[in-house]
């Protein structure tokens with residue numbers, strides 16, 4: 001696959017991170033699915049080859065992996081970091097001194113990176129329809145979570161938001177905390193425009209959020225001390 005550009009503007013005002021987002025509608029030459037090339041007039045071209053461990057994976061899995069990795073490379077470049085070797089592994093390994101996160105849904109891939117020591121986790125989700133929301137609600141929302149729903153958000157939109165926020169918070173955890181951590185381990189403490197506060201295994205997390213036609217996007221940060 002060959003792509004023309006990556007979007008770098010985050011949908012919320014969070015400093016000290018780099019943001020890279022690829023909308024799948026921007027992809028071309030989709031008959032090629034073993035590598036992804038980013039061509040730029042201003043910067044050096046970037047290319048990522050599919051991990052050998054994914055050669056037999058489904059088309060969507062291959063696309064998501066390639067798109068997420070090319071976004072991660074771009075995010076590192078924006079920090080002035082040229083070491084992309086760990087991103088070529090089946091499970092992303094960020095360079096020493098860098099914390100990062102990758103997410104993708106049916107329509108896009110996103111990567112974020114930071115060199116300031118801040119724990120971060122990004123997530124993006126396509127909005128859930130009513131039938132899917134009813135099936136998943138018991139695994140996502142607690143009674144306390146339900147009570148925090150803003151009146152301007154529909155129940156389906158809020159469920160999608162909370163699911164994404166908890167995913168982002170999970171991704172921001174240190175690796176040793178992730179094993180055994182479940183959705184029910186998080187509670188929504190407050191939900192305001194663009195910001196949601198979660199209580200979880202490693203303390204509290206501030207989660208920035210944004211609703212758009214593509215779906216919901218969330219970014220968890222460890223600005224609140226663990």
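Cβ from N, Cα, C; glycine included.
Keep in mind that TrEMBL annotations are predicted by a computer and have not been checked by a curator.
When the candidates 45, 123, 185, 193 are compared with the CoA site entry in TrEMBL, which names 61, 69, 103, 104, 167, 171, the shared residue is 123. Between the CA atoms of residue 167 (CoA binding site) and residue 125 (Mg(2+) binding site) there is a gap of 10 Å, rounded to the nearest whole number. Proximity of residue 125 (Mg(2+) binding site) to non-local residues of its own chain (separation of 6 or more, Cβ distance below 8 Å) is seen for 105, 160, 163, 164, 167, 215, 216, given in sequence order.
Counting other CB atoms no more than 10 Å from each candidate's CB, the binding-site residues 61, 69, 171 peak at 69. Here the binding-site residues are 123, 167, and the one whose Cβ sees the fewest other Cβ atoms within 10 Å is 167.
The full span of the recorded CoA binding residues, 61, 69, 103, 104, 123, 167, 171, taken as their largest Cα to Cα distance, is 19 Å.
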